[in-house]
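Encoded as C-alpha cells, the structure appears first; notes follow it.
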2 protein chains.
Amino acid sequence: MAKRTSYCGQVSKALLGQEVVLKGWVQKRRDLGDLIFIDLRDREGIVQVVFNPVFSKEALETAENIRNEYVIEVRGKVVERSEGMANKKIATGELEIEVSEVTVLNKAKTPPFYIEDDLNVADDLRLKYRYLDLRRPEMTKNILLRHQITKSVRQYLDQQDFIDIETPYLTKSTPEGARDYLVPSRVHPGHFYALPQSPQLFKQLLMGAGFDRYYQIVRCFRDEDLRGDRQPEFSQIDIETSFLEPKDIQDFTEEMLANVLKDTKGIELKKPFPRMTYAEAMNRYGSDKPDIRFAMELVNVNECVKEAGFKVFTSTIENGGMVKAINAKGAATHYSRKDIDALGEFVGIYGAKGLAWMKVEEDGLKGPIAKFFKEGAENLIKAMNAEAGDLLLFVADQEKVVHESLGALRVKLGKELDLIDPSVFAFLWIVDWPIVEYDEDEKRYTAMHHPFTMPREEDLALLENAPEKVLAQAYDIVLNGYELGGGSMRIHQREIQEKMFEVLGFTKESAEEQFGFLLNALEYGFPPHGGIAIGLDRFVMLLAGEDNIREVIAFPKNGRAIDPMAEAPSVVSQKQLEELSIRTTEIEEDE
Amino acid sequence: MAKRTSYCGQVSKALLGQEVVLKGWVQKRRDLGDLIFIDLRDREGIVQVVFNPVFSKEALETAENIRNEYVIEVRGKVVERSEGMANKKIATGELEIEVSEVTVLNKAKTPPFYIEDDLNVADDLRLKYRYLDLRRPEMTKNILLRHQITKSVRQYLDQQDFIDIETPYLTKSTPEGARDYLVPSRVHPGHFYALPQSPQLFKQLLMGAGFDRYYQIVRCFRDEDLRGDRQPEFSQIDIETSFLEPKDIQDFTEEMLANVLKDTKGIELKKPFPRMTYAEAMNRYGSDKPDIRFAMELVNVNECVKEAGFKVFTSTIENGGMVKAINAKGAATHYSRKDIDALGEFVGIYGAKGLAWMKVEEDGLKGPIAKFFKEGAENLIKAMNAEAGDLLLFVADQEKVVHESLGALRVKLGKELDLIDPSVFAFLWIVDWPIVEYDEDEKRYTAMHHPFTMPREEDLALLENAPEKVLAQAYDIVLNGYELGGGSMRIHQREIQEKMFEVLGFTKESAEEQFGFLLNALEYGFPPHGGIAIGLDRFVMLLAGEDNIREVIAFPKNGRAIDPMAEAPSVVSQKQLEELSIRTTEIEEDE
C-alpha cells in the first residue's frame, strides 16, 4: 500500500497540480463509457475522482468493476473541474482527481440501506449495521464533534490544574437512587458488584484524599425504564473540587462550556450565564429546566378570575389551587377547536383535568367560557399582555399539576409555533433547590439531588423539623430546555451527613451499613468540597442538533436495551452461570 | 473562605515577602510553647507555616488545638527561613510562612496509620482507608503521574488526527479469551450482558465505519484468578488504524511512548526501538518479554556437552531435548551449595527436573558434575564466555521447559546480582509471533494473540494444514521485562477470518453465532486495518518505579477482588435478584 497523502475531504486548492494518494469508500459511481466518475468518501468528506483512458487505461478498466462501498486507493493529480461542473454542496466541489493508478483494497456487497444523510429506515436496521450507519456523513460528523467536545473539555480542565482520575466500575450496590446493574462475583458466591450510577462517592473521597481538583469523563450505568434520550450506559463530565464556593464552580463550568462552544461552533457565549431560582423557574416556566429561547411565560391569573363566576376556576382557587395561563401570541387562527381539544388531551398526560381557552379578538375575548369574563376581560387581557389574534390557554389545579402541564404545553407550543431559534444556545443556572421532596408512594422524604448535598448554612436549623423548607447549595445547568448537568456543595461533616440520612428515613444502622465508609472518612480531615456533573451525551446531542442521544453514541442500545448488532444481552452457557453460583429463575426463548 | 493563592508545594522564592493564602492538611506540628511550626501539606507538596504571637496571638491560640490531618486555611507572609534551618528534603525547604490568620476548616481523628512514605502496614488496611493512603506523598505522586501520562498520550494522538471514541461496556459474552464478567438483564430475563475484556471488535468495526484512526483510554474487565499485577478491571490505551503497515503503527507508538517519557521523566529515548523476533527472544532470553537491560543470555551447549558422558544431558539431547546454560558472571562466591539448591527449587516451578551447575576457577570447572567435563571444559568455557569466578547454571529438558525455567532464573539472578539499572527504560518490539499454539488440555489450537490477527501473507497457504508454522503480523511491545502492549494487523476478509475460526476449532455455526456480525461486516467494504493496545496501569507502574499496579490505581481491589473500603462485592436484596430473574445457588455468610 502507498501512503495516503491527504484525506479525500481535505483536498484543497493548495494541492492543485500535485499528485495525491487517497483511500476511501466509493460513495457513487457514474459510468459514461470511456469516462468514469467516482465520489470517493472518507471520514473528512468527499472528493470526485475521474477515470479516463487519457490518464490511465488500466485504471479505467479496473474502475469498470468497482461498485458502491468498495474500498479503493487512488493515485492521481489534483485539477480544477471544468467550467460549470463545480459542486457547491461539498467542500472539494471545485476540484477533482485525474486518476493514474487505482487499487481495490476490498470489495463490498450492496449495503442494506443507502450510505447518505436523511435516511429513513427502521432504527434497529441502522443499529444492526451500525458500522454502515456510522459511514453516513451526518453520523461521522456527530462522532467527530463528540471528540472535539471532549478534547476541548480536557484541554480546559488540564490547564486549570484538574487531575483526571479513574474510579472503579466494579463497586458496591447502593439502593438510594435508580436501579443498579449488578455483576455476580465468582470468587465470592452470593455477592455482587454494582456498576456505578455515578462516581459520586469516589469523587468525594478523592477530595478527602487531597486531590483538590478532579475530573473524569466517565461511564455511568442506570437500569431504568428507557425513554427517548436515556441509555443503560451514558457518559458524564464529572468534576469535583475542594475549598471553592458555588460561584467559583459555576464560573469555571461556564468557562469550560463557553470554550467548547467556541472551539466547536465558533460561538462566543455571554458570561456569566443567567441564574434563576428553582422557585422562579417553576413559577414563570412551569419547569425546573426552562427553555428560555422563547417567552410565553406562565401567568398566575387568580386575581383576574377568582370572582368571574366560572366555577372550575373559583372552586380550584378556593381549594388552595391556582389558575395559570399562557398566551400563544398570534396563534388564535392556528388552532381550531379540534386542535385545542388535542392540546387538552396533551395536558391530561400531566394530570390536568382540562384546558380552558379563550381567543382574543378586536372586540374582546371569544370562546365557550368567554361569557364569564365579560367584566374582567380588560384585566385579564392586560395581565396576559394579550392582543387581538392571541390564544390564551388556562389550567386550574393544584400547583404541581398546573406547572407540569402548562410547562409541557409551553414547550410544545414553542415548537409548533416555531418560536425557537435553533442556532441559539441558551444556558441557564437553576439555583436554590429544595433539598428534599416528599414521596407520596414511599411516604418519606427523598433527596432532590442526592443524599450528600449540602443544605444552605442558614437553613441547617430547619433540617430536623421542616426539611421541606430547607434549600440546598445546589445548582443545575440547563441548556435549551434540557437539564445539562447538576452540581452542589457536598456535606463534609459527619453530624450533618448523619442528620441528612435520618431525614431520608435511614436508621443509624442502615446508614452505617451502606455509607459507613463515607461517614468514617468525614472524620479524618475532610475538606469543604463540591462539584458538578455534565451529561456528555446530551451536550453533544444539543450541539449536533439531534434529538436523541443515540445519534451521538457510536454503539448505543435500542429502546429495549438491546444491541441488535452484537446481539447483547444474550443467553450464556450453563457453565458460566455455575461458575458464578447463580441460576436464572425464568428462561425465555430467544426473542 | 478566602481564595487560595498558591498550592503549599508550590510556594517559591518568587513569592518572597508576599502574602499568601494556603489550604491543606497538617502533616506535623511542633509546639515550642509560644512558637508553633506546622508542616502544611497539599497535593503539590509541603510548606512550613509558623505561628508566633508576634505575627498573631489569635492564630497561635488556634494553632494550639490543631492536630495532625486537620484541614486548615492560613494567611501569612512568605519569608526565608533563618540561617541553618533549611530543610533540603522538600522543595519549599528554604521558605516558611509567618501566619497572620488561621481557620480550621475541618477536624480529624487520629488516622489508623501515618500519612508518610515507606508505610509498613497491611495492604487491606491501606485499602480500607484508601482516602488516607492516597494522601501519602508517594501515592499522590503516582496518581498525578498517571494523569500526566494520559495527558501526554492524548495530546500526541489528538495531534495525529486520532479520534477518541467510546465503545460500550454492556456488550456480548464471547467465550474465546478469559472469563467474562456478566451482567444480568432485567428487561430480558435469562439474558446477560458481558463487560468487555477489550473493545477489540468494536474498534475493528469503527475501522469498518471509516473512522480510520481511533483511540480510547478504556476500562477492560477479566474475571481471572488474580496475581501480583492483575486487577479485575484495568485500563488500556486502545488504538486502531486503517490503511497503515505494521511499521507505521510501530512508528507512531514509539513516538507516543517517547513523548510520554520526555514529558514525565525528561528522558529522550532512542528511536527506532530495537526489534527482535519471537524465536530469537525465546532462544536468547527464554522469554517473549525479555528484560534487555542486562545480558546473561541463554546459551545452547548441546554441542559441548552431548559427548561428555553426563547421562542427564546426553539422554535429554537424544530424546529431542536440549541443554542450555546461563553464566552468572562473578557470582561463584555469591552462591553457596544451599543457595544453588534453592535456585534448583525455583526452576522446579517451571517444570525443570533439576538445575546443574559448575563454578569456574583459575584451574578449570568445579562442582559435582565437573568430572564429566574434564575434556570439553575449554569449549564450554568458551561457549559460555566464562572466566574464573563465574557460576554456570544448566537446564536440560524439552525446549519449552528449558526456556521458561532458565528465562525466569535469568530474571531472578539479574535482580539478585544487581545487574539492572532502574533508571533505564528499555523498550523492545517482539515480532513474527506464531499465530496459534497447541493447547494440550483443550486438544486444539488457540490463538496466540486473538482470533482476529492477520497471518503473514506468505504464510496464508499454510493456514489449513500447518497452522503452527504460520507467523502472525503481530508485534508486542516490551518494557523492562514486562509485556507493555500487544498489536497486530487484523483480518479484513471474510474468507480468511472463517478459515481462522476453523483452525481454532469453531464450527461454521458456532463462528456465525458468536462472531456473525463481524463476518458480515467484513463483506461490506472493510479496510485493511491494525492497531495496538498498551496496558496503562503497567506503564504507569513502571514509570513510577512501583512493582504492583495497585500502587497506581486510585481505588483498586485487593488480592481477593474485594474493595475493603466500599465493601464490594456485597450481598444484595432479594428484591434486586427477583427483578433480575436470578437466584444465587450458594449463599455464604459474610466473610
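Any Cβ shown, glycine's included, is placed from N, Cα and C.
TrEMBL does not curate its annotations; it predicts them automatically.
Which of A:200-203, A:212-215, A:444-447, A:560-563 counts as region 'Aspartate' depends on TrEMBL, and there it is A:200-203. According to TrEMBL, A:R222, A:D223, A:E224, A:Q231, A:G535, A:L536, A:D537, A:R538 bind ATP; the candidate from A:E166, A:E280, A:E483 that the record adds to this site is A:E483. Binding-site extent for ATP: residues A:R222, A:D223, A:E224, A:Q231, A:E483, A:G535, A:L536, A:D537, A:R538, maximum pairwise Cα distance 20 Å (rounded to the nearest whole number). Put simply, A:H449 is the one of the recorded positions A:G84, A:H449, A:R490 whose Cα lies nearest to the Cα of A:E224 (ATP binding site).
Note on proximity: of the recorded positions A:G84, A:R222, A:H449, A:R490, the one nearest A:E483 (ATP binding site) is A:H449, by Cα distance. Comparing CA positions across the binding-site residues A:R222, A:R490, A:L536, the one lying closest to A:G84 (site 'Important for tRNA non-discrimination') turns out to be A:L536.
The highest number of surrounding Cβ atoms within 10 Å, among the binding-site residues A:R222, A:H449, A:R490, A:R538, is found at A:R490. Between the listed recorded positions, namely A:G84, A:E483, the fewest other CB atoms within 10 angstroms of a CB are found at A:G84. Non-local neighbourhood of A:L536 (ATP binding site): A:R146, A:I149, A:T150, A:I217, A:F234, A:S235, A:Q236, A:I237, each in the same chain, at least six residues away, with C-beta under 8 Å from its C-beta. Under DSSP, the residues of the region 'Aspartate' (A:200-203) split into helix, strand and coil as follows: 4 helix, 0 strand, 0 coil.
Checking each of the binding-site residues A:R222, A:H449, A:R490 against A:R538 (ATP binding site) by C-alpha distance, the shortest gap belongs to A:R222.
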